[in-house]
Amino acid sequence: MAKRDYYEILGVSKNATKDEIKKAYRKLSKQYHPDVNKAPDAAEKFKEIKEAYEVLSDDEKRARYDRFGHADPNETFGGGGFQGGGFDFGGFSGFGGFEDIFETFFGAGPRRRASGPRKGADVEYMMTLTFEEAAFGKETEIEIPREETCDTCQGSGAKPGTSPTSCPHCHGSGQVTSEQATPFGRIVNRRTCPVCGGTGRYIPEKCPTCGGTGRVKRRKKIHVKIPAGVDDGQQLRVAGQGEPGVNGGPPGDLYIIFRVEPHEFFKRDGDDIYCEVPLSFAQAALGDEIEVPTLHGHVKLKIPAGTQTGTRFRLKGKGVPNVRGYGQGDQHVIVRVVTPTKLTEKQKQLLREFERLGGDTMHDGPHGRFFEKVKKAFKGEA
């Protein structure tokens, strides 16, 4: 089956920026993560989303994809040493698919033998953090389900006191040979042994604990240190804490994916924090000194007289620590001047007096040109 377009998978245009691609990935990865979404196809969709993001978030890979699509000439054919130009031959019909013809002639040679050492599978774990935990980091213990080597048989899969033997079907080679008539003549066909699955081993008496697999499912506690400054959708790799390797291969890795809960007051953009604070009309007009909450405690902020709504103030170094240790972000404070909606008669009278005494001062400064244009428009001078 042809692979879907990566841009279509993430739901972004081909001109999408890195930030747009990142936001789309975060949203979809949370929606389809197997730990959250129990739909039968969620794991496959999550894998598809992750693959698309890995390509489109890398400038070099994205450039190659934009030029060649899935038929990237840098890709190899069949996972082995044969250079196939990166083309998908799966749709070739007539002899059961182009890959089948190659396998018929050459057997399963290009593919990695099942009996060789292989790295264990990686494990993914979704962790929810509060806004503050993500900013400052924390140490915690998590419990993950994973497959581990069976203690009863020490991973051999055989009942204690017995041992695996050479597979009687393939005589320990892991492959079976047969002849086949094709339009090109009779050829020798080598395939993975269906009895031992390519391992070359046969287990006469299986281990009662693991049923012959050599592995059992367990839940393992792992102590992890979350660095300060992690953001929503980011991953932390814990090397060697995935599933055990196969046939002496190294263990896989653990990937912790972070979901950061939104904050009721702060918003985050990278290492910077944004917040809005209300000002009364009097505070904005006369100036004031107010207290602003930050992640590091309350700080005093001086509001100059004549401050307009939407004015932004920066509190240097009051943002989030950079997760890679490159300094600290800032906090941006945006003021909103609140217009009173319920006034007493006395307050209304004072405001009218204020307006009378103010004269045309409202039309001075940067807003004066705007009001002058409005005045001319009403007079037909514009």
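Placed from the backbone N, Cα and C atoms, the Cβ positions cover glycine too.
A C-beta separation below 8 Å, combined with a sequence spacing of at least six in one chain, links Cys170 (Zn(2+) 2 binding site) to Val176, Cys193, Val195, Cys196, Gly200. Here Swiss-Prot flags Cys167, Cys170, Cys193, Cys196 as Zn(2+) 2 binding site.
Residue counts for the domain 'J' (5-69) under DSSP, helix first, then strand, then coil, are 45 helix, 0 strand, 20 coil. According to Swiss-Prot, the domain 'J' annotation covers 5-69, on the basis of sequence analysis.
For the region 'Disordered' (154-175), same-chain residues at least 6 beyond its ends with a Cβ under 8 Å from one of its own Cβ atoms are 107-108, 113-115, 190-196, 198-208, 210, 212-215, 244. The region 'Disordered' annotation in Swiss-Prot covers 154-175.
The feature repeat 'CXXCXGXG motif' is assigned by Swiss-Prot to 150-157 (among others).
Annotation source Swiss-Prot lists repeat 'CXXCXGXG motif' at 167-174 (among others). In the predicted structure, the repeat 'CXXCXGXG motif' (167-174) carries a mean pLDDT of 84.
Residue counts for the repeat 'CXXCXGXG motif' (193-200) under DSSP, helix first, then strand, then coil, are 0 helix, 0 strand, 8 coil. The repeat 'CXXCXGXG motif' annotation in Swiss-Prot covers 193-200 (among others).
Cβ atoms under 8 Å from those of the repeat 'CXXCXGXG motif' (207-214) belong to residues 149-153, 155-160 of the same chain, restricted to positions at least 6 beyond its ends. The repeat 'CXXCXGXG motif' annotation in Swiss-Prot covers 207-214 (among others).
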Surrounding CB atoms that lie within 10 Å of the CB of Cys167 (Zn(2+) 2 binding site), all protein chains: 21
The repeat 'CXXCXGXG motif' (167-174): DSSP-derived helix, strand, coil residue counts: 0 helix, 0 strand, 8 coil
Which of Cys193, Cys196, all binding-site residues, has a Cβ with the fewest other Cβ atoms inside 10 Å: Cys193
Zn(2+) 2 site shell beyond Cys167, Cys170, Cys193, Cys196, criterion: Cβ within 8 Å of Cβ centroid: Pro168, His169, His171, Gly172, Ser173, Gly174, Gln175, Val176, Pro194, Val195, Gly197, Gly198, Thr199, Gly200, Arg201, Tyr202
